[in-house]
Amino acid sequence: MSTTDDTHNTLSTGKCPFHQGGHDRSAGAGTASRDWWPNQLRVDLLNQHSNRSNPLGEDFDYRKEFSKLDYSALKGDLKALLTDSQPWWPADWGSYVGLFIRMAWHGAGTYRSIDGRGGAGRGQQRFAPLNSWPDNVSLDKARRLLWPIKQKYGQKISWADLFILAGNVALENSGFRTFGFGAGREDVWEPDLDVNWGDEKAWLTHRHPEALAKAPLGATEMGLIYVNPEGPDHSGEPLSAAAAIRATFGNMGMNDEETVALIAGGHTLGKTHGAAAASHVGADPEAAPIEAQGLGWASSYGSGVGADAITSGLEVVWTQTPTQWSNYFFENLFKYEWVQTRSPAGAIQFEAVDAPDIIPDPFDPSKKRKPTMLVTDLTLRFDPEFEKISRRFLNDPQAFNEAFARAWFKLTHRDMGPKARYIGPEVPKEDLIWQDPLPQPLYQPTQEDIINLKAAIAASGLSISEMVSVAWASASTFRGGDKRGGANGARLALAPQRDWEVNAVAARVLPVLEALQKTTNKASLADIIVLAGVVGIEQAAAAAGVSISVPFAPGRVDARQDQTDIEMFSLLEPIADGFRNYRARLDVSTTESLLIDKAQQLTLTAPEMTVLVGGMRVLGTNFDGSQNGVFTDRPGVLSTDFFANLLDMRYEWKPTDESNELFEGRDRLTGEVKYTATRADLVFGSNSVLRALAEVYACSDAHEKFVKDFVAAWVKVMNLDRFDLQ
């Protein structure tokens, strides 16, 4: 019988053919565009974390809410929670100290300095994939233990801040003196889509350290925070783990001393859990049944909790006082001889063969066991460089305490950006180089000063292209992930930024602006650089027949070279900046994907990216002065010509060579080459979503809207690092 007959029979009996079971017809189900075209451009990355997903609304002010928080009472509640053991997840030795330290560590430990993504700044541990990573087993329980406290204090404390504060309080409760705590992490309400966790399709796929150097991700295996605790690819070899440890900790900006301090400090308290084989462990939170209510890894072994708990599969307790701070980690590491053994779950670990039974059992006070260590713990003894640091910490516990306090603070605050973003009563006074410190303001330019400065810039002989280009070069280093970079500080005038190929315009323009700054002495160089962009855009808009005042907020300062970590700032150098038609390497993704990546780092929406590219092309801001994408006969005029000519069917585009990176636009009738373009230009005509946006600005009635939209997006970029205005 035909499908038509089936449908007819269904209708004749009064039944709806769409309610008869079979295929999933719910929203979002079925074969999607990316199933057909897996390399489809991810324009959707520019739409994440919008107000549509935020239940608190766009008027919510976290800093204002936090100011209402009884901070002391909150810390008191956290301290009480540490020893309030719950039967559904009993605390080891009656304390959740180790669990909460691990929760905070694993929240912050996803940060990587190469692109500033990951980290604890958004509370992403609540969402997939992190909530279900193999390395985060049982942290769902830690978050549930915190829920009554989050419920009590509501929006006065974000989940993101609470996770880290809980780790700090756990350390303090163990007798350790922390370096401080800065709040200010605002929650988001959906998973980050922009973080590249790697290409692997299976959990715990091994990555060689050399591969990590080429693609500096945060871990040596998919689903781990750092390294495999059993050694690379379960090798069980402490020495072979050294390269992996350096690679992963180095990728988040940690040196050898910080690395040793963090590993030892983190393993001074608590334990690992491996009561039985992983086959007893159920589905992770994302795959668990609906009745599990977001909890995962249910264990069928014994009670499944307490002494029967299975987390990593390792069963290690490092110190004699696992709920109190000590130097026992280093004492045990060097005092005893270690032999390889296996946990009850079969995982490779080491036991102190010549040690007495001095380690307390977490649930039976009458029992003791020998000290145990992870494979990667022993790396700190057998790697020559790590060993020197470890012995120093063994002999100088105060040096260890100081190193761990600072390294822990760095670990948990590295992705927060400048100190200006920190709030709360425990923010340390000391400025740290990794915070990209800035001096106090020297200038407070008046409105009259600004008017005079604009006139001086306009009379300086700089072109519109030069003025706009230098402002973009200064501001566009900003990264939304870790809030680094931006125009404040005028680091464009310092090493390493002044020497970047993409910033070639700085060599021509900065001497002019620096001379002007010294002559007038009314504003910082940082403000003058941004003001130059204002002058250039206002001139370009006027040339297009639109009178507009570009908003400008003074108050930027000029950083010193000694306040600038050259190595860390080198990571901000773009491998591509499609807004300036710049690309340094052809072996990393596609040009158009890198444009999306750059726009996402600048927190731009797809319309904002579109209008900025179109405007910057007609203003002639290509890094090398090329004519690629300059689809206009009147450069320097803020017109919609880029869009109108890109979408004009009079022109046919063809690649100039097999690389498919450069293209010529020829007149279909004459064959004459009219324009040249890169992939960062043509994508606005080829991608269906971006073409739809380009069509808006190509319409005959779009000119004034285009100028206003361009100015709004431009000002947004210029002020991305103005946390004093937010």
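One is the number of the first residue shown, and numbering goes on along the chain from there.
Note that Cβ sites are derived from N, Cα and C of the backbone, with glycine treated the same way.
Feature annotations, reproduced from Swiss-Prot:
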type     : residues : note
REGION   : 1-33     : region 'Disordered'
SITE     : Arg102   : site 'Transition state stabilizer'
ACT_SITE : His106   : active site, proton acceptor
BINDING  : His267   : heme b binding site
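Cα to Cα, the residue listed as 'heme b binding site' and His106 (active site, proton acceptor) are separated by 13 Å.
Fewest Cβ neighbours within 10 Å among the recorded positions Arg102, His106, His267: this applies to His106. DSSP assigns Arg102 (site 'Transition state stabilizer') to a helix in the three-state reduction. In the three-state DSSP classification, the residue listed as 'heme b binding site' falls within coil.
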